[in-house]
Amino acid sequence: MHHAPPLLALLVIALTLAFVFGTLARLLRLPPLIGYLVAGAVVGPHTPGFSADLGFTATLAEVGVGLLLFGVGLHFRAEDLLAVWRVALPGAVAQVAAAGLLGGLAGVALLGLSGAGAFAFGLALAIASTAVATRALEERGRLSGEAGRLALGWLVVQDLIVVLGLVLLPALSGRGQEGGLAWAMLRAVGELVAFMALMLLAGRRVLPWALQRVARTGSRELFTLAVVVVALGVAYSATALFHVSFALGAFFAGVVLGESDLGHQAAAETVPLQRVFAAIFFFSVGMLLDPANLADAPWASAAALLVVLLGTGGATFALLLALRVAPATAAVVGAAMAQIGEFSFVLAELAIGQGALPAEARGPILLGSFGAILLLPLTFRAFAALAPRL
């Protein structure tokens with residue numbers, strides 16, 4: 001008897017269940033991504049019956065996030081991001097600080113956290129998922145407008161804060177080298193600046209030139225393959241050489257290619273892959289759901305959800321209004337930010353591995369993420385209803 005390889009079996013099961021539950025969600029007039037989340041929960045390691053391999057799924061999900069952000073980058077120019085920088089930079093920093101403080105206080109009060117643990121817990125609840133936000137905006141036709149530009153600028157700043165947070169965490173937990181915190185932060189900022197400079201100066205010339213040569217062969221298959229190689233190759237190089245997140249690396253690869261004559265063709269060729277792997281990403285988030293966590297720490301889980309909705313989403317809405325952004329646009333961006341995802345999980349696992357965060361703090365973070373994503377349709381409606389009154 002022949003047995004299907006684990007990865008092949010996982011792909012078939014994940015895509016089939018995502019399709020079935022995504023269709024059911026659509027019939028119920030809900031976003032398909034909610035169906036993908038439920039599909040993942042059905043075969044997660046914490047529910048009875050068949051359990052999919054979480055390691056394989058996480059790897060495929062990271063590819064999905066990379067391709068999704070690459071596609072988003074293809075529709076943006078560097079000038080678009082620079083145009084919203086004056087709003088996104090102070091706004092995102094203030095929002096992360098506010099949500100991080102609320103989350104840290106909740107962790108201290110309900111989980112007995114202190115120091116590095118409170119810092120990690122608060123930061124995990126303050127960083128929105130780029131994949132979820134861009135998908136939510138795309139479904140509502142707002143990704144390519146002012147709301148999309150503001151959201152992307154906001155998310156890029158949050159990503160940079162995550163980089164600094166990952167540098168700070170070992171020092172706060174007592175595992176960093178004594179006296180090395182300033183050097184570590186300087187190095188992290190230097191690596192990020194070096195990567196961005198390389199992409200904007202050299203990448204703008206080399207990557208479009210290489211794709212032009214492939215396009216001249218007349219082979220659509222080779223062109224599609226070349227685009228995927230550029231997206232994932234740049235993303236992996238950003239992580240391996242500059243310690244920049246995989247998603248941010250893919251996004252800048254898209255921004256660089258999007259400014260070339262082949263940007264629209266590259267976007268068209270990669271859309272099907274983006275859709276498939278994005279579904280796997282949401283499927284993987286659903287797999288993390290453990291219903292037992294709700295019984296173990298119900299108040300901490302409820303507090304985490306409130307911090308995400310009010311501290312991450314609500315604070316974004318309020319800060320954009322304070323920065324003189326139109327209420328309707330501020331409502332859309334705020335609602336898109338009212339969730340957390342991949343970066344929050346990375347932060348939590350790193351903090352748990354370093355002993356800064358107890359394992360029982362994982363549940364409230366995951367449930368806060370799952371609940372906020374499920375509530376996204378209601379959040380968009382609530383913020384939209386509030387906007388005309390402001």
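Cβ coordinates come from backbone N, Cα and C, glycine included.
Annotated features, as they stand in TrEMBL:
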- 16-368: domain 'Cation/H+ exchanger transmembrane' (DOMAIN)
- 54-76: transmembrane segment (TRANSMEM)
- 88-112: transmembrane segment (TRANSMEM)
- 118-137: transmembrane segment (TRANSMEM)
- 149-169: transmembrane segment (TRANSMEM)
- 181-201: transmembrane segment (TRANSMEM)
- 222-253: transmembrane segment (TRANSMEM)
- 302-323: transmembrane segment (TRANSMEM)
- 329-352: transmembrane segment (TRANSMEM)
- 364-387: transmembrane segment (TRANSMEM)
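Non-local neighbours of the transmembrane segment (329-352) in the same chain are 61-62, 65, 95, 116-117, 120-121, 123-133, 136-137, 140, 142, 146-147, 150-151, 154, 158-159, 162, 165-166, 169, 173, 245, 247, 281, 285, 288, 308-309, 312-314, 316-318, 320-321, 358-359, 361-362, 365-366, 368-369, 372-373, 375-376, 379-380, 382-384, 386-387; each lies 6+ residues outside the stretch with a CB under 8 Å from one of its CB atoms.
If you count C-beta pairs under 8 angstroms between the transmembrane segment (222-253) and each of 88-112, 118-137, 181-201, 302-323, the highest count goes to 181-201.
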